[in-house]
Amino acid sequence: MKLQGRNLIQPEDFSINEIDEILSLSQNIIDNPSKYSRVCEGNLLATLFYEPSTRTRFSFEAAMNRLGGKVIGFSEPNSSSTAKGETLEDTMETVSCYADAIVMRHPRAGSALEASRFARVPFINAGDGGNQHPTQTLTDILTIKSLKGNLENHTIGLCGDLKNGRTVHSLVKAMARYKNTKFVFISPKELEMPQYIKEVIAGHEYVETNSLDEVIEDLDVLYMTRVQRERFEDQEQYERLKDYYILTTEKMKKAKPDMLVMHPLPRVNEIDTEVDKDNRAVYFDQAKYGMYVRMALIMKLLGVDKNE
Ligand code: CP
């Protein structure tokens, strides 16, 4: 099935072969960006951000601009008619009249699927509450494939707020489809991986622990995450848990020489900035891969990939 005209709400919406096509196009764009600088001329992307963002919004907007297309949208919903009480449904119907594709971030889990039903152009979930963040997953998969050479046989440690972190929910669902992926879930009890995600990966090997020190030497990838302050009802609990893990150069001494340290960012305190100098720390490379993979995704959904 072609990707043209499709929506992306969660990673499973695309088959492994379709994800491979996106990764392969991303690599072509990285190798030869000038070849793609006008492929989206005449197309318009809408970026509707009901929640703050730096990487996702800027990388989508940079991606569309680098493909020769144009961008409309908002980063502050109160500047739109949402402030007057307009529903998400009516906003989608309306924006579909103007744009060729819609990217939306929203604080409510499930809002992306709901909004996509009213969008009459390809719809991309840029993060819906604590639920899913599929384009971060494409970013993460491209980063792992590019830097590790393949997507199979990796032991992936996910550390921090596994309860509220949408990036880890999407990444686990996606990586579970690759051969011999092992997961190590590292979190305090209060922030452990939700049961519904563990059910998705039934049959895969996974370990749960609250000790990063005990498992770091086994990992091929360590995916650090921020404790998601905005998802806590109890701010005292947030204060107690926010610095539960801090990755330091000392802790990195036990890790494999080729372990990747990834993080979707933004970082708060969970990775000491000294770790940035370690060449295993790839989170800023990851942010750059995010732009290339979104260029490929936009091209595929708009049907402007002439190699299809
Ligand atoms: N990784 C990520 O989603 O970052 P932003 O919140 O800055 O978009």
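First residue shown is number 1, and so on along the chain.
Here the Cβ of each residue, glycine as well, is placed from N, Cα and C on the backbone.
Look at TrEMBL and you will find 6-145 tagged as domain 'Aspartate/ornithine carbamoyltransferase carbamoyl-P binding'.
Marked as carbamoyl phosphate binding site by TrEMBL: Arg55, Thr56, Arg105, His133, Gln136, Leu265, Pro266. Mapped onto three states, the DSSP output places Gln136 (carbamoyl phosphate binding site) in helix.
Annotation source TrEMBL lists L-aspartate binding site at Lys84, Arg166, Arg226. The Cβ of Arg166 (L-aspartate binding site) has 23 neighbouring Cβ atoms from other residues within 10 Å, across all protein chains displayed. In the three-state DSSP assignment, the secondary structure recorded for Arg166 (L-aspartate binding site) is helix.
The annotation domain 'Aspartate/ornithine carbamoyltransferase Asp/Orn-binding' is assigned in TrEMBL to 153-299.
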Item to check | Per-residue Cβ crowding (10 Å cut-off), top of binding-site residues Arg55, His133, Arg226 | outcome: His133
Next on the checklist: Checking proximity to ligand 1 here: which binding-site residues out of Thr56, Lys84, Arg105, Arg166, Arg226 have their Cβ closer than 6 Å to it?
Outcome noted: Thr56
Item to check | For Arg105 (carbamoyl phosphate binding site), the one of Lys84, Arg166, Arg226 that lies nearest, given that the binding-site residues are compared by Cα | outcome: Arg166
Checklist entry - Where DSSP helix means H, G or I and strand means E or B, what are the helix, strand and coil counts for the domain 'Aspartate/ornithine carbamoyltransferase Asp/Orn-binding' (153-299)? => result 62 helix, 24 strand, 61 coil
